[in-house]
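S.K.: The region '2-oxoglutarate dehydrogenase E1, N-terminal part' feature in Swiss-Prot is assigned to 1-41. The feature compositional bias 'Basic and acidic residues' is assigned by Swiss-Prot to 24-37. The annotation region 'Disordered' is assigned in Swiss-Prot to 24-56. For 42-88, the entry in Swiss-Prot reads region 'Linker'. Per Swiss-Prot, region 'Succinyltransferase E2' is recorded for 89-337. What Swiss-Prot lists as active site, proton acceptor is His316, and the listing cites similarity to another entry. Taken from Swiss-Prot, the feature region '2-oxoglutarate dehydrogenase E1, C-terminal part' covers 338-1231. If you look up Swiss-Prot, you'll see Arg542, Ser606, Leu608, Asp649, Ala650, Ala651, Asn682 marked as thiamine diphosphate binding site, on the strength of similarity to another entry. Residues or ranges marked as 2-oxoglutarate binding site by Swiss-Prot on the basis of similarity to another entry: His581, Ser606, His1024. Taken from Swiss-Prot, the feature Mg(2+) binding site applies to Asp649, Asn682, Ile684. Residues or ranges marked as coiled coil by Swiss-Prot: 787-817. The acetyl-CoA binding site feature in Swiss-Prot is assigned to Thr1042, Arg1058, Lys1093, Ser1096, Gln1146, Arg1153, Arg1154; the stated evidence is similarity to another entry.
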Amino acid sequence: MANISSPFGQNEWLVEAMYRKFRDDPSSVDPSWHEFLVDYSPEPTSQPAAEPTRVTSPLVAERAAAAAPQAPPKPADTAAAGNGVVAALAAKTAVPPPAEGDEVAVLRGAAAAVVKNMSASLEVPTATSVRAVPAKLLIDNRIVINNQLKRTRGGKISFTHLLGYALVQAVKKFPNMNRHYTEVDGKPTAVTPAHTNLGLAIDLQGKDGKRSLVVAGIKRCETMRFAQFVTAYEDIVRRARDGKLTTEDFAGVTISLTNPGTIGTVHSVPRLMPGQGAIIGVGAMEYPAEFQGASEERIAELGIGKLITLTSTYDHRIIQGAESGDFLRTIHELLLSDGFWDEVFRELSIPYLPVRWSTDNPDSIVDKNARVMNLIAAYRNRGHLMADTDPLRLDKARFRSHPDLEVLTHGLTLWDLDRVFKVDGFAGAQYKKLRDVLGLLRDAYCRHIGVEYAHILDPEQKEWLEQRVETKHVKPTVAQQKYILSKLNAAEAFETFLQTKYVGQKRFSLEGAESVIPMMDAAIDQCAEHGLDEVVIGMPHRGRLNVLANIVGKPYSQIFTEFEGNLNPSQAHGSGDVKYHLGATGLYLQMFGDNDIQVSLTANPSHLEAVDPVLEGLVRAKQDLLDHGSIDSDGQRAFSVVPLMLHGDAAFAGQGVVAETLNLANLPGYRVGGTIHIIVNNQIGFTTAPEYSRSSEYCTDVAKMIGAPIFHVNGDDPEACVWVARLAVDFRQRFKKDVVIDMLCYRRRGHNEGDDPSMTNPYMYDVVDTKRGARKSYTEALIGRGDISMKEAEDALRDYQGQLERVFNEVRELEKHGVQPSESVESDQMIPAGLATAVDKSLLARIGDAFLALPNGFTAHPRVQPVLEKRREMAYEGKIDWAFGELLALGSLVAEGKLVRLSGQDSRRGTFSQRHSVLIDRHTGEEFTPLQLLATNSDGSPTGGKFLVYDSPLSEYAAVGFEYGYTVGNPDAVVLWEAQFGDFVNGAQSIIDEFISSGEAKWGQLSNVVLLLPHGHEGQGPDHTSARIERFLQLWAEGSMTIAMPSTPSNYFHLLRRHALDGIQRPLIVFTPKSMLRHKAAVSEIKDFTEIKFRSVLEEPTYEDGIGDRNKVSRILLTSGKLYYELAARKAKDNRNDLAIVRLEQLAPLPRRRLRETLDRYENVKEFFWVQEEPANQGAWPRFGLELPELLPDKLAGIKRISRRAMSAPSSGSSKVHAVEQQEILDEAFG
């Protein structure tokens, strides 16, 4: 009989075989067995082993048998053994001798163990319970699981994994099934083990080809979650096949699982070995026998599912039939229960709800066709809510689901999965199985990419997206996968080096979001594939250095020089900026194509999203400059320069300039043919979680306002990131619209490298700290899916290490530069001497004529017609007002070949109905732009100039940023932005502070943008009075911009022309008039346009003409702007010859030489006053009060101020109070 006291049970043969090998050669046995085998004593056999014997002749056998003495047969012993087994059954039965030619062999090893074990099993009185369990839910959920694993990490879950785990859970409810019988001191005893150790029968093939069966145990199963159980299961099987099992693996099995169903057996009653209380058998999954001849369609129609037969063979001495039956019933219920499958899915990180068990719905197939179509529509509208896009999965208990996406919500069940329904062209078919429909829908909308396009109103765009998204994605080739991996290698290598070399330095690392590098690379590559000219990138500081190195191609040496604190020697002047704000330019070459494309990264400040409108303006300027093939095959502009804009999630949702910039997307004056937006969504804003930083479901919801498609993509899936990037470019090219990619990722470190994010986000960073990076995860996924081999992965790793080494080598060769104080940029650009801004009278006349050169049949508005006639009159006779003086400047520049762009709120007509640059037909609405006629010479040839004038949206931040960007993209253009009232320019203060006033000093980025800011105290209240002169003067330094407040149309004319023609790229700020627009004295004569140039300091005309006597003047009033006309009127009224008024037309840089020359003409002056309308703490005085005495200490050391009192608001809200204050200023000035 078997040695039932052995802890190895049916594995005893293997132990004995190992012992014999160990005895002959200890080195032939795994060292883990040595300690056990030294003390092992095998059970002695009852007979010596014999070699196989071939019987040569029946006759010899008969004679041998006859010669042997024969004992009479004993009567059979019918006494029952103590365990109820009839002893006679154990007696050897006489067997006829083998026939001639038969091969006779004594059974050894596993075969002998089977004999011994089976004989031993006869001592266990067993009974068997049988239960048929529906297998459909098991089959369907396993399909879902394995499809997800195939897409991600690879591997499979077997039916045995699931059944074994259900068995273990059932044992928890019925612990008696885990007991076994023994005798202690001759007394029958039931033993309840402390743990459930599940025995698995593993079929092994030896080197000689013979197969053997071992039973290894998974220990302490009741303590495991499903993922742990699967890991332990796979470990046992792997070590068994590798011959690495230890003594511990064989000992202590308490309950066994056998699966003869794998060979087609439907029902099995296995033998139960001593030492166990039960063995569970699993039969084959089959349809009921009576349906096995039915077609698949008929089976689906009837709702027939496969069954699996479970048997429980148990020791009847300690387990009763009711317990065994309930045990099987519990397994049955588990395999159909929601809770069991929820746990399995969570443990395997399957982000979707499992298929649910339900009864079949008897509704008609016609009704269900409609339900299937509703389900398809639901996935197209809501599928993104179920997409597996979060690489952190912080809420692991939450499934990605939505009621609209559940088949049960639509009156469908798992029984409908294999039924065929009408799908009306979905995925190119008229009829499909629901299973296939669901598979396609989930693949399209619910995997690592979530697509939002239901908000798009254009059916063509929606259909295009559906066709592209619902088509099976073409898997990248091995070469493409290796290329993606190489980009991840480069991204991670760069960050790893910086982290080790420059510990603690701020660099705003890309770690956790490395997939943005292959994503950007793919987008640029696709742009090159389309034959476009350039990609211009705008982005914040997060990951900027990585983009500079691995996308734009900025040399590592330059980047590391900046890390060392050295400015680029080519930018010796200026204050410079931190390394993660700088721009660069490079050339991108396709890896798998023959095209190339220019790539540039524009400089940015730390003000998040401020660069957005700047980028759009820069791109529009480049497009206008190229102007080649301006109409594509679809009759649209060929927008061959592509803006690629990166954002952070918190900033995209939180910064208002994002909405302002998006609003520009489809406007005629601002359209760039679509921007590719990539949101690096690390799911945190500094320390703020999304639930505190936005009210919307997604950070991208603001983009729905312009009908942009939105793609949410898992940053841990670089292949999905690459696919989405290419699709985004294709959509942009097809429809000339914005596209938004929301790449969900995480931030490996804090907001900067010195910050500890776990202080405020501990749970998130517990997850992040243990998470593999995208490069490692992708490598493992490629190997797990079988896409690349281990060798190829090792080659990629060597490439990664090689790139690290290359970085180190470049750093070693860096030359250190000595740090010097920064120098001013003021002297870098000087006004050329003798610059002429006057024009010929004939050009003035031509511009005047243009306003009456209306197209045939054009009817001007009756209130506009007199204005046009007056302009023609002024062009010939003089008395030119402010508005026409401005148009003369712009028109003359167009005639000289300049591109002139004017924009602003209501700028075509003018806020004060003064400009009328675009005329509207009173009856047809047709538009006519007179100054555009100046783009053609009198002989019909083009001048090369253009006049572009646009009414802007009601925006300052984005509008000013756009115009600034336009000047960066086209330095030769004359670009003007006009505020509706100067007060509102503070809506663009970030652009003024970060770009206009300091861009040259920080980045060497030049701009000649013009801001026209209506300014003046006229009693219209504090919000329609001041353009905040004091703020611009405070920002001025190093010649960073020109600030002017001209008081005559001709001086304004020359100021604009000087700015356009002097070759200096610096902004111009002009404080323009309001009431002075129609002031009768504020006019200029023709000679003022044809004979002189801009004058930064103006005297009164009486002194300039030699009429006034300067020697009588004892007081000088210095002033600017329209206040001059009020002072001049009061002087004339009071007949004050002792007082002169001098106008500073240019406020910065202060015209020191001109001012001195002017003041020196007045030899008897004793008092100097600065007179302004603005309060004492506003206007020019806060700067002039300090600067004028330093500028001319011999004259202006004692200069005094005349103004309103210091005020917190620019003016009073009462027009009557305004009039009183204005009178007080005049009275004091003439007191």
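Cβ coordinates come from backbone N, Cα and C, glycine included.
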S.K.: What same-chain residues, at least 6 away in sequence, bring their CB to under 8 Å of the CB of Gln1146 (acetyl-CoA binding site)?
M.R.: Thr1042, Ile1043, Ala1044, Ser1096, Val1097
S.K.: Fill in the CA-CA distance, Ala650 (thiamine diphosphate binding site) to His1024 (2-oxoglutarate binding site), as an integer in Å.
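M.R.: Approximately 34 Å lies between the Cα of Ala650 (thiamine diphosphate binding site) and that of His1024 (2-oxoglutarate binding site).
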S.K.: Is Ala651 (thiamine diphosphate binding site) helix, strand or coil when read with DSSP?
M.R.: helix
S.K.: Hey, how far is His1024 (2-oxoglutarate binding site) from Arg542 (thiamine diphosphate binding site), Cα to Cα, in Å?
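M.R.: Spelling it out, the Cα of His1024 (2-oxoglutarate binding site) and the Cα of Arg542 (thiamine diphosphate binding site) are 40 Å apart.
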S.K.: Distance between Arg1153 (acetyl-CoA binding site) and Ser606 (thiamine diphosphate binding site) at the Cα atoms, whole Å?
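M.R.: Each residue's Cα considered, Arg1153 (acetyl-CoA binding site) and Ser606 (thiamine diphosphate binding site) end up 39 Å apart.
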S.K.: Please report the distance from the Cα of Lys1093 (acetyl-CoA binding site) to the Cα of Leu608 (thiamine diphosphate binding site), rounded to the nearest angstrom.
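M.R.: Rounded to a whole number, the Cα-Cα distance is 42 Å.
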S.K.: Report the member of Ser606, Asn682, Ser1096 (the binding-site residues) whose C-beta atom has the most other C-beta atoms within 10 angstroms.
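M.R.: It comes out as Asn682.
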S.K.: Quick one: which of these binding-site residues, Asp649, Arg1058, Arg1154, have their CA within 10 A of Ile684 (Mg(2+) binding site)?
M.R.: Asp649
S.K.: Within 10 Å of the Cβ of Arg542 (thiamine diphosphate binding site), how many other Cβ atoms are there?
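M.R.: Total other Cβ atoms inside 10 Å, all chains included: 25.
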S.K.: For Lys1093 (acetyl-CoA binding site), what is the tally of other C-beta atoms lying within 10 angstroms of its C-beta?
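M.R.: Taking all protein chains shown, Lys1093 (acetyl-CoA binding site) has 16 Cβ neighbours within 10 Å.
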S.K.: Quick check for the class: what is the C-alpha distance, in angstrom and rounded, between Ser606 (thiamine diphosphate binding site) and Arg1058 (acetyl-CoA binding site)?
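M.R.: Taking the Cα atoms only, Ser606 (thiamine diphosphate binding site) lies 34 Å from Arg1058 (acetyl-CoA binding site).
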S.K.: Distance between Ala651 (thiamine diphosphate binding site) and Arg1058 (acetyl-CoA binding site) at the Cα atoms, whole Å?
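M.R.: Cα-Cα distance, Ala651 (thiamine diphosphate binding site) to Arg1058 (acetyl-CoA binding site): 40 Å.
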S.K.: Just counting, how many other CB atoms are there within 10 A of the CB of Asp649 (thiamine diphosphate binding site)?
M.R.: 24
S.K.: Based on Cβ atoms within 10 Å, give me the single least packed residue among the binding-site residues His1024, Arg1154.
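M.R.: Relative to the other binding-site residues in His1024, Arg1154, Arg1154 has the fewest Cβ atoms within 10 Å.
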S.K.: Work out how many Å separate Leu608 (thiamine diphosphate binding site) and Arg1058 (acetyl-CoA binding site) at their Cα atoms, rounded off.
M.R.: 35
S.K.: Going by C-alpha distance, which of the recorded positions His316, Arg542, Asp649, Asn682 is nearest to Arg1154 (acetyl-CoA binding site)?
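M.R.: Checked the recorded positions His316, Arg542, Asp649, Asn682; minimum Cα distance to Arg1154 (acetyl-CoA binding site) goes to Arg542.
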S.K.: For each of Arg1058, Arg1153, count the other CB atoms within 10 A of its CB; which of these binding-site residues has the top count?
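M.R.: Counting every other Cβ within 10 Å of each candidate, the maximum falls on Arg1058.
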